[in-house]
There are 2 protein chains.
Amino acid sequence: MKPVIVVHGGAGTIISELHETYRSGVKRAAMKGYDILRQGGSAVTAVEEAVVLLEDEPIFNAGHGSVLNEKGEIEMDAIIMDGRNLASGAVSAVRGIANPIKLARLVMEKTDHVLLTCEGASIFAKAQGIPEVPDEQLVTERSRNRWRENLKECPVSVLSQKGLGTVGAVAIDSEGNVACATSTGGITNKMVGRVGDTACIGSGGYADNAVGAVSTTGHGEKIMKVVLARLILHYMEQGKSPEEAADAGLNYMKSRVDGTGGVIIVNNSGDWTFKFSTKQMSWAAVKDNLLHSGIYLGENEVLPIEKKK
Amino acid sequence: MKPVIVVHGGAGTIISELHETYRSGVKRAAMKGYDILRQGGSAVTAVEEAVVLLEDEPIFNAGHGSVLNEKGEIEMDAIIMDGRNLASGAVSAVRGIANPIKLARLVMEKTDHVLLTCEGASIFAKAQGIPEVPDEQLVTERSRNRWRENLKECPVSVLSQKGLGTVGAVAIDSEGNVACATSTGGITNKMVGRVGDTACIGSGGYADNAVGAVSTTGHGEKIMKVVLARLILHYMEQGKSPEEAADAGLNYMKSRVDGTGGVIIVNNSGDWTFKFSTKQMSWAAVKDNLLHSGIYLGENEVLPIEKKK
């Protein structure tokens, strides 16, 4: 099987001054995951490492750079899923760590559970030797300013849409195993303890070797109401192509709950796609030593990459 | 539309001395919900009130009587969903309140969010005027003893199965609206912050007027991996009857992740069913002024109920 990785840096509206920073981030994340895959690494490790890079980039709303809740604090959600056996790990509303996706993987591999929340997740992180990181190191000036503006301007419900920008990855490795990973700071000025789609298996992502893998982004509450990732895989099980299934899923979310968002998909034959019903979504993908990327509707920049010696 | 309600008191193994207490609880819960429905109440209120009764009964693993986490504390999950518009509210790992299902309904109706966790859920509960209840009032001697025995006996992974006993309800009201509600203390001696299927939309329950409503019980981690409630509704969308869909869903969970559990279902024509792959499940249902109930496989006791004057 030829390895494939697809990543996204969130669906929403991206101001033009930041386009190059977003582009550069998703391209590097896709390349990092692809390098793992072409060296024989697993899909799970590829999606984890691609997401770690995006969590570490302050421009994205995950890990460093996460948006702030109504109290001005960071609470993060993340999920990882292994298509070989439906194993999954997730964390919700976790604080004070740099890479929630790494903690999600440890939940999957080191516990009998699927989801740990809040202090329980922090206690587990500490037991696993993950260093505590104070909010000052995770909060960017941009997140702080946005939070401050939202506080004075108008109610959360209107402005929360601005906080989109979840990151995610899907991959298939040389053995035909698929995986997904998604990580987010949630929505700006959210209530303390708000958990969105990302931590919720079937909503923020799903991976099953029998079909493929999906990672989602957009308005979390809407994504949850239609269990978007699993819905799209159901459509694929019924015979739809990844493109058709993505369109059907996004259309369903629009018509049932008036929601917008974006998805990345790889199926178990290595076909991949991205779709979004928002204005923009930053994304990148690598297959056959070609790096694809884009932000606008219809955009697909293709660059050859150096072959591994 | 003739109103219908179905409730469950958890799937697993129920020791025979407790059978009558379980039976009596689920019957009273079903009757409480049915009384609301035949007075013209909504499906959402019927499932909420049926679950409140089960949360208040110390024999069930939800609200008062919840099992304890590894530290000997109670952390509860609950979800409610309204099939009219896919509105949903949930809480995870919430502490110190008597009725998590009431808080889940307030999340659905009073916030822009779907899921609140931990202290965030507690802060919201306080703001909504829900009284704080100390753990001493929620912990039963039975839960405390079980926790103590598990601590000394053997690892969590083996004994956790004993902690099953989630409660739930599904209903259709006279206007043809469906709803589901599920509430649980989770699994005995779980890690602090463990969240199971119950709080996770599509896993612990799902309700959609276009199809029907489902509430699940069983090993939460297995239910999450197959997103069981939404899976069963997908089967129904594809033309399966509630019985066929329940069997297909439980078989799928068994074959893919070796999981067992139970489900209750009502479709949007008012057909209802219950199925379980565990040894037992306490359940009750009312339709056409007939109260059905059972615990064992194949058992269906039918009693006429007094007609409303």
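Positions of Cβ are set from backbone N, Cα and C atoms, glycine also.
Residues annotated as active site, nucleophile in TrEMBL: A:T166. The feature substrate binding site is assigned by TrEMBL to A:R194, A:V195, A:G196, A:D197, A:T217, A:G218, A:H219, A:G220.
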Recorded substrate site residues A:R194, A:V195, A:G196, A:D197, A:T217, A:G218, A:H219, A:G220, farthest C-alpha pair in Å: 16
Whole-number Å value for how far A:T166 (active site, nucleophile) lies from A:R194 (substrate binding site) (Cα to Cα): 15
Three-state secondary structure, A:T166 (active site, nucleophile) (per DSSP): coil
Short-range recorded positions relative to chain B, from A:T166, A:R194, A:V195, A:H219, with Cβ separation under 8 Å: A:R194, A:V195
Most crowded position, judged by CB atoms within 10 A, among A:G196, A:G218, A:G220 as binding-site residues: A:G220
Rounded Cα separation (Å) that holds between A:V195 (substrate binding site) and A:T166 (active site, nucleophile): 13
Inter-residue C-alpha distance, A:D197 (substrate binding site) and A:T166 (active site, nucleophile) (nearest angstrom): 10
Structural state of A:G220 (substrate binding site), classified by DSSP into three states: helix
Residues that sit under 8 angstroms from A:T166 (active site, nucleophile) by C-beta distance, when 6+ apart in the chain: A:H8, A:G10, A:A11, A:N61, A:A62, A:T182, A:S183, A:T184, A:T198, A:G204, A:T216, A:T217, A:G218, A:G220
Largest tally of Cβ atoms lying within 10 Å of a Cβ, found at which of the binding-site residues A:R194, A:H219: A:R194
